[in-house]
Structure formats: structure tokens, C-alpha cells
Amino acid sequence: MSVPLLKIGVVLSTMAMITNWMSQTLPSLVGLNTTKLTAAQGGYPDRSIGVLPANPEESWQVYSSAQDSEGRCVCTVVAPQQTMCSRDARTKQLRQLLEKVQNMTQSIQVLDQRTQRDLQYVVKMEDQLRGLETKFRQVEENHKQNIAKQYKAIKAKMAELRPLIPVLEEYKADARLVQQFKEEVQNLTSSLSLLQQEMGAYDYDDLHSRVVSLEERLRACMQKLACGKLTGISDAITIKTSGSRFGSWMTDPLAPEGDTRVWYMDGYHNNRFVREYKSMADFMTSDNFTSHRLPHPWSGTGQVVYNGSIYFNKFQSNMIIKFDFKTSTISKSQRLDNAGYSNTYHYAWGGHSDIDLMVDEGGLWAVYATNQNAGNIVISKLHPLTLHIIQTWTTNHPRRSAGESFMICGTLYVTNGYSGGTKVYYAYHTNSSTYEYIDIVLQNKYSHISMLDYNPRDRALYAWNNGHQVLYNVTLFHVIRSEQL
């Protein structure tokens, strides 16, 4: 039973008890003696049939007690005839009892008023409790839904983090490997010190072989360290503001140590002049440059300088040309069979960007699209001397939906656009011929990116951003596999 119904039951029970007391106790208090009908009166001796006044004319009579339509207690009392002497002692007692009954009637009326007020309060509280119960039910349902959503989010996050567990285990092994290298170097240093003192020929030969072995292992280790999975890109660093809305600029990742020349090409077609700046400092602070005239105009912004030569796509063709800066001649040219050109399969921003040449730690690459692959991105590894295709991978990503792309460690990373909010969201891994969707923010500081290339020596992205030449530092996730060393 609910609380409101319990309160109503208590009130009604109390009223019934008062009514029962009035009907049974009041006659004895008044002094109304009961009379039993004998056998002579009814044929049945010693059997009571009711409560009747001994003398109706001299006594008070309580006929009944009941409740009216509003739930109040009502008593029916018949007073004696007024012929009785007022000085009689019984009359005085009856008057006192009458006053008591009247007081009781007033008390009952007060109790009734309170009961009605309490009843209204109980009804009101019942409505409020029902409303509160409904609200609690809604809150509980919403809470269950929120818990379900949070559980799904946590489950998804755990699914993302679970593959990192074996990677962390590999990191532990890598740490032990590096510690082993450190100990071997320390041992070799000690041996060299002793050898310098003793000058033993046999010890020298043995030590030399150990040094060569360690050097090879360290070189292999460093080669592994050079590659990794892209996990972050820094904010844009503005190097210079110059040129038109479209263009490309770069440094040579295979240049000799100390060679920091900058190569600069403004525009995406009908231009064949390449600027050479002596250093990054000259490029940032002056306009002193040497101009190189190419034999053909380039197409798009996908040029790349690699090992002293510039590789570019000849305008209105799928021809790739290698131009040697030292000799100022074309050292090699080769058609990229089936590759679209002249704005057939360009990047989202257009600009005759059908063929994009790029380099990474593994060498020279071409990124384009073909009719045979339904306009989706095709990746080809090129031989830097002959320009022949070494291997080709076909992807399912539409070329025209890509904002820009770049290669890092054999993985092609694609942006979702070239203007506004930009991010790297697609990655194709040539080592496993698989792809995945990622979410790495790329700050588009000047709202229009028309060139984006990776330089493995600088470990940085070069970009042309609406007439601004900018750099991005990258964060790579390295894994050293000791079993391959």
C-alpha cells in the first residue's frame, strides 16, 4: 500500500472507532438502563433483543450514529420531555452530559476539518509523488542510455588501444637491445684503451672485427629508426611569403652535408624557370637566387629535387623528365603509361596536378590515377636513374577527392581537402598492400594548400599555402624489430 492510501485508511479507521464508541458507550454514560424482554413478553426467557430506554419520557435516547455524505460523524439523540423538573439531580447530570456531547461534537468537527485538510494534502502529495516517480523513471532510462553510450565509447577506445600492447612489448625488447649496444660500445672503448697501452696485433684485429660488426648492426638499427608511422604533425612554421597562390619549393634530401640549397618554382603551368637559393637563410632573408631554365614547362606542383636533379611532369603529357642541374640537360625521360594528365585526374584543387612525384626514405615515387583503376589513386615505385616502374599498387581512394598526398616510409598519406579545416585521414601501406583511415590534424594556416611533400632528411613536410612557404615537423612512431638485425 502506498503512503497516501495508508494515511486515508488511518483517518477513516479513527472515525469508525469514534462512531462505534458513540453508539455503545454514550447510553451507559447517560444512565439509560437496558431492559431484557422476558419470556412473557416474547416467549423466550433471558434473551436480550436490544437496548431500549426504561422510561422514554424520563431518559435520553441514542438511536443511531453514522457518517454523512461528506464523511462527518452524525449522532441521533432524543431528549426527554420538558416536563421534567429542572431541579432534579438526574436532569442536571443529563445537562452536563449534553454539554460533553456538544463538546465532543465540536471536537469531531475540528477533527473532520483536519481530516479533510490532511486528505487534500495527501491527494496533492500523491500527485507529486507520482510525478516524481515518473521523473525518476525517465532519469533512470536516460542514465541507462548514457551508460550504454559511455560503454560503447570506452569499448571503442579499448579496441584502438589493444593493438598497442604488443607494440609496447616490442618497445621493451628494443630498450634491451639499445642497452646491449651501449654495453658493447663501453666494452669496446675499454678494450681500445687497453689496446692503446699494450699494442697487441691479435687484439687489434679482433677488436676491429667487433667494431665493424657493431657498426653494421648500428647502421641497420638507425635505418629502422629512420622509418615509422605518422602520429602527429606540428603547427605550420611560416618560412617566407612570396609568389602566387600556387607553387612548390623544396630541398634535396640526398644533398651532401652542408648543402642546404632551396629550390623554388612559382605557378603550376606555363613556367619553366627554377630558382636556386644558396641556403635556407638566404631564402628567408633575401631575393638573391640563380635561375635555371628547363627545356619544357612543368605541369602541376608535383616536382621534386632528388640527388642533384629535378624530376617533373611535362606540361600536357604523362611524360616524366629528369633534368640534371649540373649539366643543365635532360638525363632521362619516360612516359608513365596510362596515367591521366591535363586535369583528367587531378587533386581536389585542380591545377593540372594529375601526376605527383615524391621521395621518402625508400626512394622515388609517382602518385597518379588511371582509367583502368576507375580514377582511383595508383602508386608506383620508380627507379631514379631509368625512371622505369619497379612496382605498382592500386588503391580504392578517388584521386579527385584527395586534397594532397605525401609518402613517408613507403606509406602514402592523403588529406581530406586543401582549404579550411584539413586533416590527414587516409593511409595506404605499400609494405602490406593495406589501407586504414586515420585522423591527424594538419593546420591549414592560410586556407589553401597546393603542394605538400615530405623530406626524409629534414623529417619535415614542405607546403605551399596560398603564397606562403611553410614547414611542418612530423612525429613518427618507431618500432625496432631486433630479430631482423
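Using the three backbone atoms N, Cα and C, a Cβ is placed for every residue, glycine included.
Automatic, uncurated: that is what TrEMBL annotation is.
As annotated by TrEMBL, signal peptide applies to 1-16.
Looking just at the coiled coil (94-142), the mean pLDDT is 71. As annotated by TrEMBL, coiled coil applies to 94-142 (among others).
The feature coiled coil is assigned by TrEMBL to 178-224 (among others).
Residues or ranges marked as domain 'Olfactomedin-like' in TrEMBL: 226-478.
Annotated disulfide bond per TrEMBL: C227-C409, in sequence order.
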Taking 10 A as the limit, how many CB atoms besides its own sit near the CB of C409 (disulfide bond)? 19
For C227 (disulfide bond), nearby residues of its own chain (Cβ under 8 Å, 6 or more apart in sequence): E361, I408, C409, G410, L476, H478
